Amino acid sequence: MTQAREYDYIIIGAGSAGNVLATRLTEDPDVQVLLLEAGGPDYRFDFRTQMPAALAYPLQGKRYNWAFETDPEPYMNNRRMECGRGKGLGGSSLINGMCYLRGNALDYDNWAKIPGLEDWNYLQCLPYFKRAETRDIGPNDYHGGDGPVSVATPKEGNNELYGAFIRAGIEAGYPATEDVNGYQQEGFGPMDRTTTPNGRRASTARGYLDIAKQRPNLTIETHATTDVIEFEGKRAVGVSYERKGQAQRVRARREVLLCAGAIASPQILQRSGVGNPEHLEEFDIPVVHELPGVGENLQDHLEMYIQYECKKPISLYPALKWYNQPKIGAEWLFFGKGIGASNQFEAAGFIRTNDQEEWPNLQYHFLPIAISYNGKSAVQAHGFQAHVGSMRSMSRGRIRLTSRDPKAAPSILFNYMSHDKDWQEFRDAIRITREIIEQPTMDEYRGREISPGPNVQSDAELDEFVRQHAETAYHPAGSCKMGSADDAMAVVDGAGRVHGLEGLRVIDASIMPVIATGNLNAPTIMIAEKMADKVRGRDPLPPAKVDYYVANGAPARRRA
């Protein structure tokens, strides 16, 4: 057998985290990095991934989407639910909804209360959010101006339904916020998006790898499916993978960095002999290290669409007509403008359903069209919808192997809606949304309620609607959680190092101990930026010196 190739670092997964690490680590010219990606390139000529308004298309096929399904979910009428994950350079940032949302400051302050995670508080995370970002209206105390990720803000003259929805939330007694990523997340306001100034998707492949891919010390291999991490004793020393039908082995002089995401990272650990021995023995996998938390603590956001017909003919419904699409496509392709240049999620809301919640437990995305997330089942009329879901469900799931074959889909169970609080939050979500849409500012727009429909009112009727119609927001997290070695279910420490092993870190959304309040792409990029300094042995960026909103007992809603 030929001598295995050697690199200083081997990164598994060219997604939202892996591309950040590849770019930061190769800033040191004498560090050799191999980046392995099971999917293909992010073809820049493919409008399905590059046009923001086409965001539904990559979810429909399997070129860019692993398209996993859950096991039958016991609290959801045993539905097998979608679990889409990005495949290709950029990972899930290549197929996500491009919502740039960082989470709430108290998410991170609460992580920092966990022993060993003291440096994960908000003020120590904020500099890394800023380092990653270039915001189109320039930097400030909360936002960056020269980072790899392009962030666009909503502009004057966008669809009038966005402003109407924000005003309706405020009329209903909830706060207003100028910037859900700034001083105050709580309230209704505009939503930023990860798109470039010329209207292209700002994936981490475009943002980070475009900087790094010409460097001689970075090797990128696509169509490279990782089989196992190889160990000598308790030290990770390399990776076995398959590329174009050929088995390959590479060695890591320093570390293996596992960045395959909340679904694949625990699978790879389990295949490699790291996990719960009972599960590994089912597949005759020799145990390298017993870590029962691998694949446990799995979390996600569940959401519903509350849909209405729109009385004014101003929704995006005409954009679905085939005869309008060539003009929209040309305007986007040649000028980077128009409907095609936006993901259409330009209004947000984060609210507390009661005064006891310390920070928001519901999230809204507003869309000026009535359609499902994956682009199917569009309502054939002018309409609008509010996506709403609970933020920090106590429900926990797990990921298990079904086979030693790296191409086999895992067994995924989220245990959605397994707590009483989940049901109360979703009942509240539907009722509060109806109250918001009933506000006077919506009178000129509000038509018939399409979904759930005006006859769905009682707790039992609302619960059945949730069981039948709630969908994933595509935010899996937590399956290799950070924590101290004293926590038997923690998989990594605060620097991403796998407990009990050497030369191996996990750096992606799987290490979140508790899911963030919002979409997960921006937090995952931040985690990778912060971890890059730890891997490189660099001093952390100085903590931010800013104020941030804490409700501190303030009422969740102002009553008229």
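Count begins at 1; order follows the chain as displayed.
Cβ atoms are placed via backbone N, Cα and C, with glycine included.
Remember, it's a predicted structure, so these values are computed and weren't measured experimentally.
Here is what Swiss-Prot says about this protein:
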- HIS475: active site, proton acceptor (ACT_SITE)
- 8-37: FAD binding site (BINDING)
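Working note on the binding-site residues ILE12, VAL20, LEU36: by count of other C-beta atoms within 10 Å of each C-beta, VAL20 ranks first. Neighbour counts of Cβ atoms within 10 Å were compared for the binding-site residues SER16, GLN32, and the top value is held by SER16. When Cβ neighbours within 10 Å are tallied across all protein chains shown, the highest count among the binding-site residues ASP8, ASP28 belongs to ASP8. Cα-Cα distance from SER16 (FAD binding site) to HIS475 (active site, proton acceptor): 13 Å (rounded to the nearest whole number). When the alpha carbons of the residue listed as 'active site, proton acceptor' and GLN32 (FAD binding site) are compared, the span between them is 32 angstrom. Other C-beta atoms found within 10 angstroms of the C-beta of ARG24 (FAD binding site) number 23, with every protein chain shown included.
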